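Engineer: Encoded as structure tokens, here's the structure I'll be asking about.
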Amino acid sequence: MTRGAGVVVLDRTYRNSTPALLARLITAVPGADMACISGPRALALHTDERARRVDLAQLRHGAGPCVEAARSGRSVLADITQVRLCWPGFARSAREARIFSFLVVPLLHNDALLGTLSLYAQRSHAFTERDETTAQLAIPAICAALLADGLAGVAAPVNGYQVECSRRRGHGRGEE
């Protein structure tokens, strides 16, 4: 992956492993302090113990930005204030982990949800729409690496959504 003029280019040969791609994405998104990839039912990969705890808390509560991105098939860009309003049961876990910004992108591949990519930051308002675009550009390479590394598990269909990653917009706030 290289970065130039705000554009991230992933190695199209997909020889990179999922952990290497995740580490590179954290570098490409300036506000990101940690990342996690979760499948529909389990945690697949994390870069930091706090990211692991926060993703597991969302899976346990059945609520949070990660769960919302998986359910809706749309990106979620949120701050701790929005998290408290939308998912109060999960907000405490996020505060305890000192995570205050969330950028979660569904990992969609061939009309199926492989999981979610979560980028977390230790400060509020760490992510922008440009960061969301950077994360979305990484989806094809991350999905390919997940499948190649055997980390994708059982893919779950995304009900009621036509998967057109390049057209998908919104931030989990009812925007189209």
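Placed from the backbone N, Cα and C atoms, the Cβ positions cover glycine too.
Okay, so TrEMBL annotates it like this:
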DOMAIN    29-137  domain 'GAF'
Engineer: Note the mean pLDDT of the domain 'GAF' (29-137), expressed as a whole number.
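Structural biologist: Here the mean pLDDT over the domain 'GAF' (29-137) amounts to 91.
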Engineer: Using DSSP, tally how many residues of the domain 'GAF' (29-137) sit in helix, strand and coil.
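Structural biologist: Taking each residue of the domain 'GAF' (29-137) in turn, the totals are 46 helix, 32 strand, 31 coil.
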